[in-house]
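J.: Copying in the features that TrEMBL gives for the protein in this structure:
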DOMAIN    20-192  domain 'MacB-like periplasmic core'
DOMAIN    274-381  domain 'ABC3 transporter permease C-terminal'
DOMAIN    679-792  domain 'ABC3 transporter permease C-terminal'
TRANSMEM  21-41  transmembrane segment
TRANSMEM  267-290  transmembrane segment
TRANSMEM  323-347  transmembrane segment
TRANSMEM  359-383  transmembrane segment
TRANSMEM  404-424  transmembrane segment
TRANSMEM  679-700  transmembrane segment
TRANSMEM  728-750  transmembrane segment
TRANSMEM  762-782  transmembrane segment
Amino acid sequence: MLLIKIKYAIRFLLRAKSYTVINLIGLSLSLACCIILLRYIHRELTVDTHANDLSTIIVPLRDIDGNVYPGENPGNKDYSVDEKYIEDRCKLVVEENSTIISNDVAYKTNLMAADTTFFHFFNYRVLEGSLSLDSPHDVILTEGYAMRLFGKESPVGKNIYFDGKMLTVSGVIEQPVCKTTFNFDVLVSQKLRPYWGRLNIELIRVNSGFDIQKQNEKSNVYRLQRQNNLSGNMQMRYRYISWKDFYFETSICDKYEKFFRFGNRNYVFVLSGVVFLLFLVGVLNFVNLYSVVMQKRRKIYGVKKVFGLSGRGLFTEMWMENFLLFACAVFLSWCIIETSSGLWQGLFSEKIPVTGFDWFLSLGLLLLVPLFTAIFFYFRYGYRKPVACMRSAVSDNGTMFSRYLFLFLQYSITLFLMILSLYFQRHFDFLINSSHGYQTDDILVAQLYNHNRVIDYNSITTKQLEERRQNIDEVGNKLNECPFIECWMNSSTTVWEGTQTPIINNSDEMFELRVKYVSADFFDLWGLKIVDGGLPDNIDDVSENVIVLNEYAMKLLGYTSLENASVRSTSALVIYMKNNGEIGEYGVNMTPVSAIVQDYYMGHLTEGIKPMIFVVGARSAEGEVLIKVKKDREKEVIDYLRKVEKEIYNSEDFTYKWADDIVAEMYQKDKETAHIYTVFSYIAIVISCLGLLGISLFDIRRRYREIAIRKVNGAKPKDLYILLGKSYMLNLVLAFVVAAPVSWIVIYYYTASFVEKAPITFGLFVIPLLIVLILSILTLYYQINKAAHINPAEVMKSE
């Protein structure tokens, strides 16, 4: 019986092959887009699923004067989680851009030091060796990094060096299939160093009795804290979050983006909206075209009911036809996805692996959607009496209204997506082309010093210190010798970085400012203009440091000129050792402002200009190397620096970025959003035009008799063009009337918090309308032109 139903369904679909092909193409495109986006959304929402009981893992975030860092469970009971709730814990320390030595060659690495309990929290598949960190000298490598160091040789048992200490590779782990927050290459034991000189990040596994909301009500409250042996105080609080929320934590992503991967909830929300709209366009197109076919079959259904077709049998026929169409559409969707995988990989900046979710998604679409569409058509046609079915085959004004309504919704969604895509593309162009207030042309940010931070000078030999100093001096000499370098400097701070600190003016009012520690040549390199005051020619001692404010900070603090402008911090801006052995503190007393620098955008343009305070001191001995390259000499400088890196450190792992590229990275999500809306809005146009083609194919052909009579009565082709096309154009105009204000409202609220944004212009709405209008006219032209030139006599004969 089932085989007979399948046979009938296939025969019917083949008879209506024009509508079937049009429907299949539109449905396949819609489902392909939805599957692609849903796979990405699912990957973003299932980060770190390789964790053991992810919902029970929490991490404390320590907030000091507005600067948030992941920390460890504090000893202070005002903040800490009670021990009765803690089942397990693991402390981590991250070291980005560290240096290890393998076979006398230096390599850059993201290194993480962890307790032996790390693997109680996360499951990693062992490819070779074991997951042992019991010995302080054990080291575990990721699969990709092991391949980089040792090629196809087995790394287990081989030695590498970190800070002069020999480490033995105990295991190699595979990268999990799911997306992970961690981005480490090397995993070592925390016991390798007695002190790491960084804040611990503690993962805490809590039991079912722990209430994170109650904990935060107690701990997420600012309390004044005195600093040991120092003047001033600071405000501190702790907020605990689940590890599953860590990936989307915006307060720390800027500080740890090199070591951890972070996501954006707003971006996921935007993509979810695009999925819904594209799915709606596809389903509306499917229902619209299938209803055309059903219109032709109502008389057949009426006859079948007369001969005893039951409601169950009718539903089975409808479901089978829908199921076969969706089965073919899902298959074609995956063909589209696989053949265009490079496009989607570039669109999302990552490759999405095949997982079990893909099977569940495909089966869900295959089983549920045909069921719902079959139910819709069954309720529409299944309860009609046979006589009503056969009579309604003659007149279908009501069904034409519903088809126009569905087409109106398709047009509305398409125009909405197109307006958004055009705005986001303009917004991205506005962001990337607007001046940030500092120069980035030909500025190179390079990692040239291939050695690790000195944590404890007592643990390093005089010979090692001397070798380190010689290497730094040699790098400086090589940079000075290069004829293609205009100027260079070492800096621990770039124009994009800065921590938040409370600053008090001479009226004892406190404001939050972004503090940066720089040398005087920082302003020259980045082209930042000193608008008032000046800087000393040379600063050799901390006591000679000076304060510089940007224009916005001066205004915020209530100063109109440098005269009487002075500031202090609630805690020391700089702590140093005096010649007599005492601890010195800079910035806790009122300090005069020496200069005012022009405003610039230190981050994303939409965040606006921040009030900034610059502590200008001696030149940094280490840090990132900022290089101003002579015009059109970029390649020569890169080759030269590679040679320097190889000569001094025996490393070919030279890493660098151009300042222009770093600025562009700030707007990566804006770029992806613009491209996604652009790609999928044009696919929505194609789907809508296919729906228009199918409906017009049916609508115009059913009016051939009317057209023939009008031609006999003297109607000209131009009259017929207007007659046949006006209803579709009116439909498009009405859709635009709805889509334009809705898209304006969405753009307005989406960008409400943006300080800088692209303007909303008249062309933003007109251009999408014209594009859809032209494509719709081209789609209709063949059908209308054919109808306008028919022979009335032949039509009358066929009738």
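Note: Cβ is positioned from N, Cα and C throughout, glycine not excepted.
Unlike curated entries, TrEMBL annotations are predicted automatically.
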J.: Ranking 359-383, 404-424, 728-750 by Cβ pairs under 8 Å to the transmembrane segment (21-41), which is first?
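T.: Result: 359-383.
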J.: So are the transmembrane segment (359-383) and the transmembrane segment (323-347) touching or not, going by 3+ C-beta pairs under 8 A with a sequence gap of 6 or more?
T.: yes
J.: Looking only at the domain 'MacB-like periplasmic core' (20-192), what is the mean pLDDT?
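T.: Overall, the domain 'MacB-like periplasmic core' (20-192) comes to a mean pLDDT of 90.
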J.: Excluding the flanking five residues on each side, which residues at least 6 beyond the ends of the transmembrane segment (762-782) place their CB within less than 8 Å of a CB in that stretch?
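T.: Residues packing against the transmembrane segment (762-782) from afar: 411, 414-415, 418-419, 422-423, 426, 685, 688-689, 692-693, 696, 724-725, 728-729, 732, 736, 740, 743-744.
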J.: Using a Cβ cut-off under 8 Å, which residues of the same chain at least 6 positions beyond either end of the transmembrane segment (404-424) come close to it?
T.: 274, 277, 280-281, 284-285, 287-288, 670, 673-674, 677-678, 680-682, 684-685, 687-688, 691-692, 695, 727-728, 731-732, 734-736, 738-740, 742-743, 746-747, 758, 760, 764-765, 767-769, 771-772
J.: Please list the DSSP helix, strand and coil residue counts for the domain 'ABC3 transporter permease C-terminal' (679-792).
T.: 93 helix, 0 strand, 21 coil
J.: Cβ under 8 Å, sequence separation of at least 6 from the ends of the transmembrane segment (267-290): give me the contacting residues as numbers and ranges.
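T.: The answer is 19, 22-23, 26-27, 29-31, 33-34, 37-38, 40-41, 44-45, 322, 325, 369, 373, 376-377, 403, 406-407, 409-410, 413-414, 416-417, 669, 672-673, 676-677, 680, 683-684, 687-688, 690-691, 694-695.
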J.: Tally of helix, strand and coil residues over the domain 'ABC3 transporter permease C-terminal' (274-381) according to DSSP?
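T.: So the counts come to 96 helix, 0 strand, 12 coil.
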